[in-house]
Structures are given as C-alpha cells and as structure tokens.
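Undergrad: Features from Swiss-Prot:
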type: DOMAIN; residues: 5-195; note: domain 'Glutamine amidotransferase type-1'
type: ACT_SITE; residues: CYS82; note: active site, nucleophile
type: ACT_SITE; residues: HIS169; note: active site
type: ACT_SITE; residues: GLU171; note: active site
type: DOMAIN; residues: 196-386; note: domain 'GMPS ATP-PPase'
type: BINDING; residues: SER223, GLY224, GLY225, VAL226, ASP227, SER228, SER229; note: ATP binding site
Amino acid sequence: MQHEIVIVLDFGGQYNQLIARRVRECGVYCEIWPYDTPLEKIIEKNPKGIIFTGGPSSVYEENAPVVDKKIFEIGVPILGICYGNQLIAYFLGGKVSTALFREYGKTHIKYNTNSPLFTGLPESSICWMSHTDFVEELPEGFEILASTENCAIAAFGSREKKIYGVQFHPEVVHTEFGQEIIKNFLFNICGCKGDWKTSSFIEERINEIRKIVGNQKVVCALSGGVDSSVAAVLVHKAIGKNLFCIFVDHGLLRKGEAEEVIKTFKGQFDMNVIKVDAKERFLKALCGVIDPERKRKIIGEEFIRVFEEEASKLGDVKFLVQGTIYPDVVESGVGKAATIKSHHNVGGLPEHIKFERIIEPLRELFKDEVRRVGVELGIPEKIVKRQPFPGPGLAIRIIGEVTEEKLEILREVDWIFRKEIEACGLDEEIWQYFAVLTDMRSVGVMGDERTYDYTVALRAVTSVDGMTADWARIPYDVLERVSNEIVNTVRKVNRVVYDITSKPPATIEWE
C-alpha cells in the first residue's frame, strides 16, 4: 500500500526530528530529506506537503542552504518554519532583515484565525521563538497571519498558492496549540487523510522482510533491550525459524540481564537463540581504552566480528538484523547535521562487513513508536516499557578504562538504584535511570578510617522520545536511601552525586 507522505526538508535546525514526530502523531507518514535533495526526486515521491525546517544559517550567507526555486511552482503545499519561513520570503521577493536583538523563548502571539493554518485556535496565545533574522516585507500576494510585539510578521501565507511561513516553532511543547497548527497544515491545507498506523507499518514491514529474505537464513543482533527485542519479534513473525538470534554476552550487561534474555526469548517466544560468552574478548579489546568514541567503535566492531563467526557456523547467511531506531541515526549525523556521538548500530559499524545486507526494520521509528509496535506484536509489557540501554552497555557508563572490577562495582550500584526506583513506583514516570562510575576518587571516612574511593553519579531523566530530556525530580528521601545503601554495601565507593543536567546541553548518557 502506498501511503500519503509529507517530506521534511532538513536545514540543520535542532528541532527537526520533533517536526517529523509531530507529523506522525497526526497519522501522516513523513520522511526527513536533506535540503539539497534534487527536485525531481521530490516530485517523483508525489508528496502531499513539504515542510522547510529551521536552521542556524542566514539567507544572506554566502553558502546558505537553499532549495531549487522551482519547488514553489510544483503545486505542493509548503510550510516554512523559522529559517524555512525566511527562505520562502527571500526566494519569493520579500525582505529578510536582522534584528538588533535575538528573540528567544516564550512570546505572546496574535493569530488571524480566518486562515486555514490557524482555524480553531484562540486569537492570542503563547509561541516559542528562537531567531535573529526576521521577515520585514512580504512577497507579493501574501498576507500577514500572525504577529508578536517584536515580530510584526510572525506568520504569513497565501491561500491561493498554499504556501505558508511561521517564524516561531509549532513543533515544540512550549508553543501552545502547536500540534493543532501542524494538524491544520496537514489536513486543511495539504488534504491529508492520516492513513499511517502502527498496524499497517507492521504488515508492510513483514511483507518487505519476506520479499527481501525469501527462504534464506537471517541473523539477528539480540540484546534484550526494547529496540532489538521488537526488531527480533517483528522479523521472527515474518520468517519464523529461519531467524537465528545471536545474543552476545559481552560482560557489559546489567545484573541478571543475560539470564533474563535467554528465559524470555528462548522460553516464551520459542526463538532460535544462540548465546555467545565473549566477556574476555571484549575486555581484552577495551584494555587501556579511555576515549568514549573509541570504546563505541571497538564494541561495534567486536559485535560484528562475533556475528560473522557465529553466522558462519550456520552456513550461508547473508542478512543481519539490527534494532537501529531514528534517534540513533540522528545522533550519528543525518544530512548536514553534526555528529553528536556514534551509535553502535550506525557509526560504530566497521567499514567491511561480511553480511550482504543489514536489515533495520525500525530505522524510521522514534522510541515511542517502537513501543507501540511492540505492544501490537504482543511483546510483554515489562520488555516493551523497559528503559533504553545502550548497545555498548556499561562500557560507556564507566568513565575511563573498563575493567572487571569496575564492571562489578557499577552492576551493584546500578541494581540498587533501579531496585529502589521500581519499589517506589517511579519506574513508569522516569524515561531512563541509571548509574555512572566516574573516574574520580575522593577522600571519605568510614569506620573511623580514611578512604579514597570512587564517586558514582546517578542519572534519571524524563522524556518522550529521547531527543530532549529533563532531569527527574526524585524525592530526597528516595535519593537518601539509595545513597546510603550504595556506600554501605558496595566496595570501593564512598560518594554518590545526582546529575541535574537536561538534554540539551548534555546528552542522556555520559559517554
């Protein structure tokens, strides 16, 4: 089935993935493409609408990202956001200027609710601004649709041309009625029907996998996390016993995790699960390595080598399944965006892979979408709602060199923290919570004796999709109990700190 599609052209803004997520929440499928995608390719896809994202550039910069001007003549509705809004005005004959001061944060805005873009909205509300340049004069044939105290043209458009621009960011939660604005664009202006659903995604992926794989054997990288679990069950549903799940126990897992994975997938789902004990191999490869990017690359490479070796025992295996999801791709660098950190499912892969093809059935989904797919597939709630755990495991939660002793310390600390959070019923409120073993030692006093031991950091955040996150406000008495148990029961730890940094500026993981 061919779904209606909206194309999001990426100009390098920080909220671009949120735009895609908001569109999908409306039941409309969308894809993010680089801003310099050839117009012919866009036309070939027959999109219902096009969205220009924000970005850090100015339209007057020498190498500013631009589009083919003919895009405004193909009859497809366009919505420009922030930089995209300025680009539309600039290309169509308007004037863009630079403000004396940057406008950033929540701003009162007044809408022309007669416009199809703002139908159903109150005449005034709050929006989120983040810009220096602004549209000073409109292109011919366009009208002002919204304004703020400092931005006379906060939105403009042409009902006839179906081209609209907004200087603010409707995709962020700080903009009141932002989702309604996006819905209005999709349904009132683009004429979308909203035919993209989780159930149809599953059916299409199953058919696609069967078509690609046929009767051949497939190896799946199974870790027991949400992503790899959903990927494994989805592929198993498509090809059954031709799927061989390889579970690599690299010694970097949390307490009791390896045993739980085998019990669930081999026992409950009756899958072919091959367990590989590779603890010594990974520790040897990580010996002396301190740089987090090197850790990720080494772990990714060792993973693939183990898969190759195990797959060779199965005969001719051409396909490898991985649980890569959209934020993995985003943070590893998409289009012109900068790389934040390498993910073992993306940038951590070695250049030479002996498998003919990597199958990533969840590559286009955000985490919340992956969870919904998992529920549809009948995966137990305890797995579907499991908090994210990075592929490199505890290796990137140990700052500095990874050793067996440090792993044992971190496992115990992490287990104590997770146990207490679950006992208090906070596990469903918090997106992710874990411990980090820092490379910092500090002086302490225990039993009238001086100690000089490790400092551990506790990290807990609230989020929806992992793209942005805020630190969780865990009650002090809970943190106190966790801290007391850690320093009293875990050897070589004498200090516990709590990380209160949001994302951005920090990432959720420390490495």
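A Cβ is built for glycine as well, from the same backbone N, Cα and C atoms used for every other residue.
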Undergrad: For the C-alpha pair, I'd like the distance in angstrom between ASP227 (ATP binding site) and the residue listed as 'active site, nucleophile', rounded off.
TA: 33
Undergrad: How far is it from GLU171 (active site) to SER223 (ATP binding site), counting Cα to Cα, in Å?
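TA: Rounded to a whole number, the Cα-Cα distance is 33 Å.
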Undergrad: Far apart in sequence but close in space: which same-chain residues, 6 or more away, have a Cβ under 8 Å from VAL226 (ATP binding site)?
TA: LYS367, VAL370, ARG371, GLY374, ILE383, VAL384, LYS385, ARG386, PRO388
Undergrad: From the centroid of the CB atoms of SER223, GLY224, GLY225, VAL226, ASP227, SER228, SER229, the recorded ATP site, which same-chain residues not already listed sit within 8 A by their CB, in sequence order?
TA: LEU222, VAL230, ALA231, ALA232, GLY323, ILE383, ARG386, PHE389
Undergrad: Whole-number answer please: how many Å between the C-alpha atoms of SER223 (ATP binding site) and the residue listed as 'active site, nucleophile'?
TA: 40
Undergrad: Out of CYS82, GLY225, SER228, which of these recorded positions is nearest HIS169 (active site) by C-alpha distance?
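TA: Of the recorded positions CYS82, GLY225, SER228, CYS82 has its Cα closest to that of HIS169 (active site).
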Undergrad: I'm trying to understand the geometry here, so how far is the Cα atom of CYS82 (active site, nucleophile) from the Cα atom of SER228 (ATP binding site), in Å to the nearest whole number?
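TA: Between the alpha carbons of CYS82 (active site, nucleophile) and SER228 (ATP binding site) there are 36 Å.
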Undergrad: Output, ordered by sequence, the same-chain residues six or more apart from SER229 (ATP binding site) with a CB under 8 Å from its CB, or 'none'.
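TA: The answer is LEU222, SER223, PHE265, GLY323, GLY374, ILE379, ILE383, VAL384, ARG386.
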